[in-house]
Amino acid sequence: MQRQWSVQAPGEPEAEPGGEELCEQEMKRLCLSQHPVRVLPYAMMDKRFIRQLREPEGVKTSCWQQWRRRRQTAGRRLGEAARRLTRGCGLWEGALYEIGGLFGTGIQSYFTFLRFLLLLNLLTLLLTSSFVLLPLVWLRPPDPGPALNFTLQCPGSGHLPQTGVSKFNNLLWNVFTGRAFNNTYLFYGAYRAGPESSSTYSIRLAYLLSPLACLLLCFCGILRRMVKGLPQKMFLGQDYRSPLSAKVFSSWDFCIRGQEAATIKRHEISNEFKMELEEGRHLLLLQQQTRAHRACHLLTYLRVNILIGLLVVGAISAIFWATKYSQDNKEESLFLLLQYLPPGVIALVNFLGPLLFVFLVQLENYPPNTEVNLTLIWCVVLKLASLGMFSFSLGQTVLCIGRNKTSCESYGYNACDYQCWENSVGEELYKLSIFNFLLTVAFAFLVSLPRRMLVERFSGRFWVWLDREEFLVPKNVLDIVEGQTVTWMGLFYCPLLPLLNSIFIFLTFYIKKYTLLRNSRASPRRFRASSSIFFFQLVLLLGLLLAAVPLGYVVSSIRSSWDCGLFANYSAPWQVVPELVALWLPPPSQRILYYLGSHAFSFPLLILLSLVLTVCISQSQASSRAIRRLRKQLVWVSIRRTGAKGTAGETLLGPRAADKSREDGEREPGPQAWPQARRSRATETWL
């Protein structure tokens, strides 16, 4: 290391006096430093030399130091394994690299999003299996007792009919509708347990808290991915644009040896240049707009968005009436078609809606990132509104929300038509999940593939206009978010639905990859992954909230079915919690829990959270102001040193902020600016 530092390149000036003393001081500092050798900014040979200086030959380290070093090594390896696990254990790394190089990071972010959803579903399945399924199998649940004798006289029948008596003795049809699994652990009705006083492990409490814990873990994971890129975005600012010169001279990876990898990297750099030029063109057009052009653009914006809003209202109205008609006419001869009428209408709406939204949003001539995000927002409104209306329509039919019926007044739900209403809701969500995946497969192999073959086989003006399918990222993202939202909605009614959704996501990745590489064409409008990942996570978070609100309402307020499930003898599933608290905890602990759940504790908690939020916002604002000052100082130093009054300022601050900073720098007197320059130079060195 000392030899390397003392070597001088030809043509360099000689070392200053005292250089050897500085080298010795640096080596002494490195020997006494507590920082690990692996984090030091030196070459591998220098790190070996530093390790030898810290541990000379013949000197044995103490047992405490050896144990401490082994503990640090084990902790580091455990952290690396945890990070590798959070990235999906390296799943699909090669495929993601190929997709990112050929089609850009925007489309690659969709497939990365698929991997993240697969990880969430596997985590949910692991939690449910560990706390519900395995203890239930180990404890051997009791046999179901005799059915309860209902005294309610339903209109048109002398007894309570079992819901959904199949008119088609077809096993395949029963698999598609979910009736083949009614007596399995796929649905709520098959879970049974004995009295809580005779058991050391509460299956009911585990079944109740597992969906809530899964939703909480998913919320934390989504929130972590949302805020992951915010510090960098805050530092760079909204107007930051990296210069093209930096991409030209620093984009190539000189470790690439294979021809295929070089081709992919060349496509990736080309896509980056296309995105930069497209954003620059839109920024230039925006700066050249006059007031008349802005007024026309505003009118176009209002007209297009009002039209899109009317389309969304019409779509959710169609979903509501389709669900209501399907549930009210279950005994008709067209029962086969009516079973899949609500999923079919939802799929039709979600297929046509994004296509119309893309066409209408393109009329406003937005930049690529803004266009994708705005289309995504409207697709989110359509998807979530359709699922919300589907849930409300099911609640109105099954739970008699807003309706007055004799069975609803006596039992709290429509007991005449739905003997086990949790299984009926689970079947509807199961059918919706199955139908979404079948639609994905059918569209890939019955629409995209024949379209590509026809375009390649025939020539003409019509086939040139038709061309291959364009891979629309907003539509595909919303399709997978819809399936994940349905899975979250069914955690209570269909606990093993995450297993089914994991299989669907795994197969969807390869289906979409085949469609992208073989049947689709690259989109002419490129966009960045960094601008869309935040919106992807926001959409997923909204879907999580949409699934959590009905689940919380059902768990806390709705009467469970009398004849099936774990909570048959409870007025609501949440009532098992006070019962277990009274059985297991001593009176002082019960009083503490009751106080934590009372309104007397909510007010101090609200005040404390308000104070914490105020402190966090104040710190964030102070950090933002400090970052702006540091960037202005860097721009001022670069202007003083190089005289580049355009490039440096626009690179760091954007055009407007750079002009303002330049004017501030020109107004400063020369002698008074030197202390500021010294501080700025130190700041630049530190950054």
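Keep in mind that glycine also has a Cβ here, set from the backbone N, Cα and C atoms.
Feature annotations, courtesy of TrEMBL:
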- 657-669: compositional bias 'Basic and acidic residues' (COMPBIAS)
- 420-530: domain 'TMC' (DOMAIN)
- 647-687: region 'Disordered' (REGION)
- 116-138: transmembrane segment (TRANSMEM)
- 205-223: transmembrane segment (TRANSMEM)
- 301-321: transmembrane segment (TRANSMEM)
- 341-361: transmembrane segment (TRANSMEM)
- 429-449: transmembrane segment (TRANSMEM)
- 490-511: transmembrane segment (TRANSMEM)
- 531-555: transmembrane segment (TRANSMEM)
- 592-618: transmembrane segment (TRANSMEM)
### Query
Most CB pairs under 8 Å with the transmembrane segment (205-223): which of 341-361, 429-449, 490-511, 531-555, 592-618?
531-555
### Message
What residues elsewhere in the chain lie close to the transmembrane segment (341-361), defined as a C-beta under 8 angstroms and at least 6 residues from its ends?
### Response
304, 307-308, 311-312, 315, 318-319, 322-323, 325-326, 371, 374-375, 378-379, 382-383, 386-387, 390, 393, 428, 431-432, 435-436, 439, 472, 474-475, 478-479, 482
### Message
When secondary structure is assigned with DSSP, how many helix, strand and coil residues does the domain 'TMC' (420-530) contain?
### Response
84 helix, 4 strand, 23 coil
